[in-house]
Each structure stands twice: as C-alpha cells, then as structure tokens.
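**Q** Take a look at this one; I'll ask things after.
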C-alpha cells in the first residue's frame, strides 16, 4: 500500500510541478515584471498569513483523524471552530488596509480579493489534509492538479481581458471555490455541522501539537519569502518580479523531485525504525540522501549551465536577461533549502523532538532579515540571493549539530563529494558544448548529453554499477 500511495503522490506532484512551471512561463508573457512582482508580493503575504493562522489546524487534523476514525465529529468541530476563528482574526488584521487602502495607495479590491483567496485557500488545504488522513491519494492528487488547471485557465483569460494582477487572483479563488463546492461538499457539511460536538480539551490538544509546527514553518516563510518585500521596497516591484520568476524556476526544477523522493521513502523509514531499529532505518536514510543529492545536484548544475537558453525558451522577452542571471544562485539555494526540508528536518521527527526544529529556522530567519537590510540596498537581487544561500546553509549546519540531541542522520560524505564533483564536471562540459550547439537544438541536445555525461562519471567513480543503474531505472532498487 505504501508503494502504491507513493506512486500516486509522485504522479500528482510531478504534474502539479509542471503546471506551476507552465503557469510562470505563461504569466511572464502576459504580465509585465512590475505586475508579476505585485502578484508575487500578494502571494507571499497570503502564504505567510496562511502559515501563521491556519497551518496548525491542518497538521493537527492529519495527526489525530486516523486515530479517531469512528468518532471524528469532535475533530471536525475543533477544525471548524479554528478555521472560523482564524478567518475572523485575519479579517480584523486586513481591515485597516481595506478601510484606509486608497489613502495609502493600496487597492482595496486587491486586498479584499487577497483575503478571500486566503480564506478559500485555507479551506482547500484543510480538505487536502482530510484526504491524506483518510488515505485518499488519488483524490488528493486530482484536486491539486485541477486547481492548477482551473487557476491557470481562468487567470490567463482574465489577464488577457486586462484585469492584470486581479485576474490572476480571481483565477485562484475560482479554482478553490469550484473544487470546494463540487468536490468537497460532503466533507464541508460534516465539518461545519459538527460544531455542536466541540470538546474544549481537544482544542487545546490541537494547539499544543500544531503550534510548534506553525512557529517553525512561519520562520521558514520569513526565510523564503521576506526578501521579496525588501527587493520591492529598496529596488522596485519589477525586480521583485524578476527575482520571483528565477526563484520559482529553480525551486520547481529541484523540489518536485525532492518531494517525490521524500513521499516515497519517509513511510518506509518510519516503519523500519519501529519494527527493525535504527541500523536498518539508517540504511534506508542513506539511500534516501544519496538519491536526493544524486538527482538534484545534476539538475541544479545543469539548469545553471543552461540558464540563458532556458530563459529564452520559457519566459517573456522582458524577463530573459535578469532571470538568466538569477537562475544559478537560486538553483544552489533551492538545493540547500530542499536538503533541510526533505532530509535534515527528519532528525527532529524521528527523534520525536519536534520543538527543536524551531531553532535552526528561527535563528536563520532573524539573520536573513539583517542581511537583507545590509546587502539588498548595496547589491540588489544578488544580495538577496547571497543572503538566502548563507541562511539556508546556516539552517543545515545548526540542524546537523542539534541532531546529536535528537536522531543522528547518516551522511555519506565521500559519496556526496563525488556526486557533487560529477555534477560539476558535467555542468562544465555542458557549458562548453553549448557554444557549439545551434540555439534551436540546445536544450534537448545538451540535456541528453548531460545525462549521459553524468551517468558515465557515476560509473567511473564507482558510485553505481550497471546492475544498480538498471535497478534504479526500473524502480526495483526501491
């Protein structure tokens, strides 16, 4: 069952990632950099408010629902009350911007639409966590893909009719409302009709369990999203647009793979740790880590080497030069942050000391804000990228030392070094060859060459042999 569910989640993540990439590609052709930057700021604000006010409900529902299958009403009641209370709080937080927005040059329409997006998105994510808890990976994946398709279709149509940022936001709101009303009506009816079954003690348990995750992920949002506000303030919204596009490309190209590997391995790690102990679990974790670095390192190096042709092929003319300049550093940042989010954070989960995961991201987030104040005014977008890389690396270092107090994760240093060396040599070869390859064929030819070159280097370094390579390609090694 674990393997079947993992494959469904993998397919859903890959398709959703491709849709996200397609969305960025289309919007850079119909939105100016300044418009895209404005949208990126609103999206970042919605993401941070969602994490602060709603995340604890989702993670608590996912944790406790499987243990109360026969009596879910009190859980639904706690989730419903928490959701409604959070909507009230976020409404009060945003109210001054709605009332006084025009005086400060803020569009009331955009603020109100962003608030509706926050509410509908939070409810949509709650539905997804319900589906995960009920072991329904098919519906979970389908809803995620449908949301991307509807949002892109409606948003593009509205932008084409000159609604600009508002059109993009309305596309997302429409997608949420359609799926909630047509695909989740039964769950929502159960959710809100169960309020009379509220148990205050369960509400407290929700908060005790969910708040540490909320604090940790809130600091993570600051680490990943705050630089957009600094860039907008010190440089301008157009540069925020360039930065967001380059960052999103790098993250989608690496994180989709990392998420898929994590979804496939984590259940097996938990089961093996409980049934066979840490030695057997560490063997799986080492394979997990080598797959993460072994697949994402060549992707990041390859995307960096092909930054110019990728930007020319996928993005609008106004974005090409700036995005091509951003891609190499943002790719490095995406790999470093992904290693924490999809591997190193497991040290706190496996050791059952989740409160420790707050400290790495909290310390890094505070330093990140300070570096943004220092480097963005003087170095612009490059300063933001340097700040992000430094702080993402700091999170890894702190997590490594804290793991001694929780669960020590295996890190095969020698193999990791050889993998990075192989990926770097491959990137150098691709970068050299691209000057002799016709522009119209650069990406397909160089991607094939890069894969063959990297695979050959892995064989030379004896990181894989032919039998292992065949097993990896067929999926039997998993």
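Numbers here mean position along the shown chain, with the first residue as 1.
A Cβ is built for glycine as well, from the same backbone N, Cα and C atoms used for every other residue.
Per TrEMBL, transmembrane segment is recorded for 7-30, 36-55, 75-98, 110-128, 140-159, 165-188, 209-235, 285-306, 326-345, 383-403, 415-433, 445-464 (among others).
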**Q** Among 140-159, 285-306, 326-345, which stretch has the highest count of C-beta pairs below 8 Å with the transmembrane segment (165-188)?
**A** 140-159
**Q** Going along the chain, which residues at least six beyond the ends of the transmembrane segment (445-464) come within the CB cut-off of under 8 Å?
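**A** Residues packing against the transmembrane segment (445-464) from afar: 294, 298, 302, 305-306, 309, 415, 418-419, 421-423, 425-427, 429-430, 433-434, 437, 472.
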**Q** With pairs restricted to those 6 or more apart in sequence, evaluate whether the transmembrane segment (415-433) and the transmembrane segment (285-306) have 3+ C-beta pairs under 8 Å.
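**A** These two segments touch.
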**Q** Mind checking which residues of the chain, 6+ beyond the ends of the transmembrane segment (326-345), have their Cβ under 8 Å from one of its Cβ atoms?
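**A** Hits for the transmembrane segment (326-345): 220, 223-224, 242-243, 245-247, 249-251, 253-255, 258-259, 261-262, 288-289, 292-293, 296-297, 299-301, 303-304, 307, 310-311, 357, 360, 381-382, 385-386, 388-389, 392-393, 395-396, 399-400, 403, 409.
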**Q** Under 8 angstroms, Cβ to Cβ: which one of 7-30, 75-98, 140-159, 285-306, 383-403 has the largest number of such pairs with the transmembrane segment (36-55)?
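**A** Highest pair count goes to 75-98.
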